[in-house]
Structure formats: structure tokens, C-alpha cells
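Trainee: Just lifted these from TrEMBL, have a look:
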DOMAIN    22-72  domain 'NXPE C-terminal'
DOMAIN    253-734  domain 'Cas1p 10 TM acyl transferase'
TRANSMEM  269-291  transmembrane segment
TRANSMEM  325-343  transmembrane segment
TRANSMEM  355-375  transmembrane segment
TRANSMEM  396-417  transmembrane segment
TRANSMEM  452-468  transmembrane segment
TRANSMEM  474-494  transmembrane segment
TRANSMEM  506-526  transmembrane segment
TRANSMEM  561-579  transmembrane segment
TRANSMEM  600-617  transmembrane segment
TRANSMEM  659-679  transmembrane segment
TRANSMEM  685-709  transmembrane segment
TRANSMEM  730-750  transmembrane segment
Amino acid sequence: FKGGDTCEYLLSSGRFLGEKVWQPHSCMMHKYKNSEAKNCLVDKHVVFIGDSRIRQLFYSFIKLINPQVKEEGIKHGNIPFEDKSASIKVDFLWYPEVNGSMRQRIKSWAEGSVTKPHIIVVGAATWSIKIHNGSNEALAQYKINITSIAPLLEKLAINSDVYWVLQDPVYEDMLSESRKMITNEKIDAYNEAAVRILNSSSRNSKAKVKVFSVSKLIAQETIMKSADGLHLPESSRDTNAMILMNVYCNKIMKPIDGSCCQPQPPLTLIQKIAFCFFTLSIFGYLIISLIHRNNYRKNKSCTDLESGEEKKPAISTPNVSTLEMLLHCFCKLGLIMTYFYLCDRANLFMKENKFYTHSSFFIPIVYILVLGVFYTENTKETKVLNREQTDEWKGWMQLVILIYHISGASTFLPVYMHIRVLVAAYLFQTGYGHFSYFWIKGDFGVYRVCQVLFRLNFLVVVLCIVMDRPYQFYYFVPLVTVWFMIIYATLAVWPQIVQKKANGSCLWHFGLLLKLICLLTCIYFLSYSQGAFEKIFSFWPLSKCFELNGNVYEWWFRWKLDRYVVFHGMLFAFIYLALQKHQMISEGKGDPLFSNRVSNVLLFISIVSFLTYSIWASSCKNKTECNELHPSVSVVQILAFILIRNIPGYVRSVYSSFFAWFGKISLELFICQYHIWLAADTKGILVLIPGYPMFNVLVSTFIFVCVAHEISQITNDLAQIVVPKDNSTLLKRLLCIAGFFSGLHFFSAMQDQSRH
């Protein structure tokens, strides 16, 4: 760890991922859109001073503001650019040599009454080498001129951002005869002189001229693709312009995936309170542990000096108290949250951009598939979607989603569409599981609801506090929570129809179907009425939960993307349980689900449907169009998978304990990946061990899985304490939780007021 100034790394070091993606050392670069560039540079004046290479950088820079700009300016003259909509001025000033003319221009800004530019980008040398035929006298004069300019640049750097661009290497074999004297040896000498003079001059000054040396590294990799051996190919200069934009704009715009040049965010009031709470919990647990240890030592067996016999302690060691268990959980959670904060908020560990290759996604998939098959065991029961099977299903889906996220596979549309089916399958299980429970048990009590809501939301609420993120940021948990409440409301409202009641009369089945039809109608209406949806979730306090960036559009988009699949899960559960009740399916060990002929036909249809969906998803060309169809067709592959997995008796009778283990902590894995496996809120990759990508992934994955497992245990332990079965005690706890959220809202309002 060399300190938190990632600007130094951005300007001086990095490497290529593939052919065109530049990865700065230790931090992430944001890809600025035109609108973002305009917002950052509004009312700003930017000046590029130098030769034809700086002119190239100038054009790439203004294309980030306006992509329609064409390179039609005077070659050896000044070129102005202005964007009136954002009041942005960008000028290129033709000064191909570091000489008196350049000095005079810089002096007019530094010492004159002329308005100073906000950003100044300077660089020149190749013309000096060319005009003077690479003579040593020209190099000596270059040193004298830079020495005279350096103090002026430093004076400007007090109020402006000043960058000195080092000279890129050339591809000597491609240079024309008139440029043969421009050698890499000469360029290195000029660069060395510029760096030495600027660094020695800045030691005694308040501000520092930033040396833009990364362009040299980029050119070393790409100059052979140059058209003339001197000027960089377009992709390379675009990368340089994007680096320049990141250096200046990241501290203003604060993009999530632009960690370079971003200062560490200050602790909020709520974060400080959380820090104090966890610190007190740790000290409280240590004190109670010491007291219990001392009591245990006092009561320990000792020898009676008179009789020589061992005495038994009069009092047995007390059981662990509720307070001690509570403090123990919060003690562990405090240490884990400290790790979360250090990984993704403290600028302590490095972060890198994702880079997708087919091998980075498909090879790990093969690895986990082999491991999953290796750990095959017999199931305890052979029902359709039994507990072991659903845990297995969640487990392998979660592992695939994790690999999808870390490999950046969202850029490959066929993989994206298949991952969308996996997310839909999670929601399908939500509909299937909760409907089955309420239908069979008929338990609509507050205890059940509170248990589910606590287990789903505990970790996310803690992360919202510690990581200073809105609830909707962890979109999957709000999605599952809302759908659980919809399922509960659908079945709990009058008339409550459960299996026990429906067995008495078939009319109750029709009543339940009417309820499901009403639910489907509401879903259909809200999915095509964005205004109505947004009105519902814009009311306080729902707006506090579901707003992201000041509106609920993101929430509407996420909900709409898988709007029918929970309903499909409920309907499947209803049909399956009805078939099971009327003994129309066979769930014995090794028995096919239906008769051999029906089983074979259904199995064939399922395989064809599964492959047909995959072919359709793989042929997708437009993400928006495919997302429109996804809610209606995703159920095809989900149902096909269920039938393939359950029709053959021998397949239904086994499961992978490897996948099932991960399935039990799938929710924690999904949430924890945001900050301690990936980085910058899933936009990048956390780097604990730089320089060794595979070893880094192994170490960070091991810690990540252990932490997720530990949080799962903490959540289960706290659920027993916070959500007791006794109704009167539960009511008191609910009042305490309401008080907690009221306090949280109060401090949040204070926080927002102080920010404004």
C-alpha cells in the first residue's frame, strides 16, 4: 500500500486488458457519456497547447462532449470549440515548440489579468527534434525553455489543473524521410529532461504540475498500428482523453465505477452511530465473557486440603444468556462490517475493471459443474422440488450468477439472457415455496411474516447503514420482500382459502383461482401503467425504500422484468399440490413421475422446450426487445428444467450436497458480493493481492464465502431473539423495531439537510 492518491497511478501506470481496454494500476476508470462530460465541464474553459499530437488529444477530448465533431480544423493553427448548451469552451493553441511564444502565452494567464483556463494540457518536443535535426543544442535549449516555463505553470496550477504530456514513442520503421531524425532515444532524452525540471521545480512550490506519462505506456503497445509511425491510432488517443476526463471529473461526478482520483467519502452521521454501536457491542461482549470466565474459574473443582478429596462446584456453569448471545452476534457482525467498509469504502484495497472473455466465464462453470457432480448424495425424500433439491437449485444458480458478475459477462447478450432466467427462477421458487406453505399450513400469523421479513432484510438494512446505500440499491431483496407480501396478502385476505378448507368442496378451488386471476390482472395493469406504479411507490414511507437517484424508475424496471414469474410459481404449486392430493403422480423412490409413456412424452417436450429457449436467447440481438419478451417466456425454460429434473425417478432421488451447501447461504452470497468480492458496488473486482489474478480470486473468494456463511448463522441466531414466538413479547419487539426505524429516518433527514 503506497497511499490513497490513485491519481498518480491513473496518470502514470496501467496495462491493457485485451486489445482496447485500459486498466489503470489499482483503481477503476469510468467510461464517461456525453451528458456526464457536459455536466462535469459546465462553465469550464479547457486549453490544449502543443503540436499535432496534442491536437489529436484535443479532438478526442471534445468528441467526449460532442461525438459529431469532425477533424476539419486548420492543421497548423488554433482551433476553437464551444458547446453553448453547457457553456463549455475548449481551445487548441498551435505551439509546436517549447519556446518564447509558448512562454508568453502561459505568462499572460499566470501573471496577466486574463481569465485563467480551468484545465491546461501542454506538451511538445518532436518539432524541436525535427527542425534542428536532433541536435544536442536543441535539447539544451529545450531544457532552458522548460526551466523558464515551469514556475509559470506551477503558478497556474494553484487554481487550475495543469498537465504536462510526455512525448509518445514513435515507430521508427514507418517514419517518413523528413521525420527519420525523430528517434525513441531522442524522445526519451526530452522526456527525461521535462520530468527532471518539473519535479525539481515543484519541490519548492505550493502546487504541482501533473505529468501525464501514461500516454507513453499506451503508445508502446499500440504505436505499431499508427498510420505514419508518429501519431497514435484513434483508439489509443481516445483512451488518453478518457483518462484525462477521469482525472478531472471523478472528484466532481463521483461515479461508482470510477474509483481513480476519488477521495475517500467522509463518514456520515448514521455511519458514526453504527461504528459506536458495534464498538460498544465488542467491548460489552468482552466484558461479559471475562466475567463468565472468572465465575467459571471460581466454581472450578478444587482439592480439599484437609481430606485430600476433590470438591464439586456447588453451582453449575450457567447457560449463555440472551444478552451475551446478542452481544456475541453484534461483536462478530461489527468485525465483518469493518471488513466490508475497508474493502469498498476506505480506498485501502485496490479495485480493477472487469474484462469479459469467453474462457473467464465458461471455464469456471465447467469447474463447479464437475465439483457439483462429484458430491452427489441420496435425498431424504423424493417429492418434486424437495428441500435438498431446491437448495441445490439455488446453489448452482447462485454460483453461476457469481461467475457471471466477476467475469463481466453481462456484455455478452446470450449469457445475459440465460442469467435473467436464473434470477426469474429464484422468484419462481419464492412463489412456489410461500404459496405451498400458506396453502398447506394455513398459518397466517404475525410470527411467520416477521420471521421471513427479518431473515430477508436484516443484512441489507445493516449494509444500508454501514455502506451508506439506499435500500433499493440491493434490488433483489426488495423484490423478494414485496412479492412475499403480495403472496401473503393474496392468500390472507377474506376469504382465506387453504388446503384443509378446499378439501371439503371443489368450489373453494375455484375461489382460489379467482384470487389468482385478480392478482394476474393487477400485475398486468401495473406493468403497463408506469404512472400508476410510480404513484403507489412514491408515497412516504415507501418512497424512502424504493427510490434510487431520486425516482422509482429503477424499481419499476426491476419489478417489470420478472413480473409474471412469481404468479407462475404460485400456479405451479397449486396444480402440483392438487395432482399430489388426487394421487395423479407417483413420487416413490426410483419411480417416474407419471406412467412411462406420459413421462417419456413430457420429458421429450421439456428437452425440446429447454433447447428452443436457449437457441432463442442465443440469437438475441437487441437487449431491450429480448427484455420485453422475457417476462412471458422465461417460465418455459424454468418448467422444462423442473420436469427434466423430476420426471425420472433416479434423477429425483439424488442431489448435489456441494450445490445445496451454497444454496443454504445463497441470499447472503448474493448480497455480500456487492462489497467484498466485487468492488465499487459490483462495478469492479476487489484486488487483495495485486499482480496475481488467480491467487487473488482464490483468497478473496475464500474470505467472501466464509463471511457469507457466518452472516447466515448470525441472522438465524438473531431471528430467534428479535422475533420470538410469544405474541406479547413479539409486539414489544415490533414497537422497538418501529422506534429504531423512526430514529434512522430522523438521522437520515438530519444527514440530508447537512449535505444540502
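Here the Cβ of each residue, glycine as well, is placed from N, Cα and C on the backbone.
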Trainee: Tally the residues of the domain 'NXPE C-terminal' (22-72) by DSSP class, grouping H, G and I as helix, E and B as strand, and everything else as coil.
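Mentor: In the domain 'NXPE C-terminal' (22-72), the DSSP-based counts are 22 helix, 9 strand, 20 coil.
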Trainee: Spell out yes or no: are there three or more C-beta pairs under 8 angstroms between the transmembrane segment (396-417) and the transmembrane segment (659-679), with each pair 6 or more apart in sequence?
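Mentor: Yes, these stretches are in contact.
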Trainee: Hey, which bits of the same chain come close to the transmembrane segment (561-579), Cβ under 8 Å, at least six residues off its ends?
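Mentor: Result: 384-385, 420, 423-425, 427-433, 435-436, 439-440, 479, 483, 486-487, 490, 499, 509, 512-513, 516, 519-520, 523, 526-527, 585, 627, 630-632, 634-635, 638-639, 642.
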Trainee: Taking the transmembrane segment (325-343) as the first stretch and the transmembrane segment (355-375) as the second, find out whether 3 or more Cβ pairs fall under 8 Å, excluding pairs closer than 6 in sequence.
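Mentor: With fewer than 3 qualifying Cβ pairs, these stretches do not touch.
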Trainee: Go through the chain and flag residues at least 6 beyond the ends of the transmembrane segment (452-468) whose CB is under 8 A from any CB in it; none is fine as an answer.
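Mentor: Same-chain contacts beyond the ends: 265, 268, 270-271, 274, 333, 337, 340-341, 344-345, 434, 474, 477, 480-481, 484, 667-668, 671-672, 674-675, 711, 715-716, 718-719, 722-723, 744.
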Trainee: Within the same chain, where does the transmembrane segment (659-679) have neighbours whose Cβ lies under 8 angstroms from its own Cβ atoms, ignoring anything closer than 6 residues to its ends? I mean 6 or more beyond.
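Mentor: Distal contacts: 28, 259, 339-340, 343-344, 349, 351-352, 372, 375, 388, 390-399, 401-402, 405-406, 455-456, 459-460, 463, 467, 474, 476-477, 685-687, 700-701, 703-705, 707-709, 711-712, 715.
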Trainee: Should anything in the same chain at least six residues away from the transmembrane segment (685-709) have a Cβ under 8 Å from its Cβ atoms, list it; otherwise answer none.
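Mentor: Same-chain contacts beyond the flanks: 25-26, 336, 339, 343-344, 349-354, 406, 665, 668-669, 672-673, 676-679.
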Trainee: List, by number or range, the same-chain residues at least 6 past the transmembrane segment (474-494) whose CB is under 8 A from its CB atoms?
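Mentor: Tertiary neighbours of the transmembrane segment (474-494) are 423, 426-427, 430-431, 434-435, 438-439, 444, 449, 452-453, 456-457, 460, 463-464, 515-516, 519, 545-546, 554-555, 558-559, 562, 566, 570, 667, 670-671, 674.
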Trainee: So what's near the transmembrane segment (269-291) in sequence-distant terms, Cβ-Cβ under 8 Å and 6+ beyond its ends?
Mentor: 321, 323-324, 327-328, 330-331, 333-335, 337-338, 465-466, 468, 744, 747-748, 750-751, 754
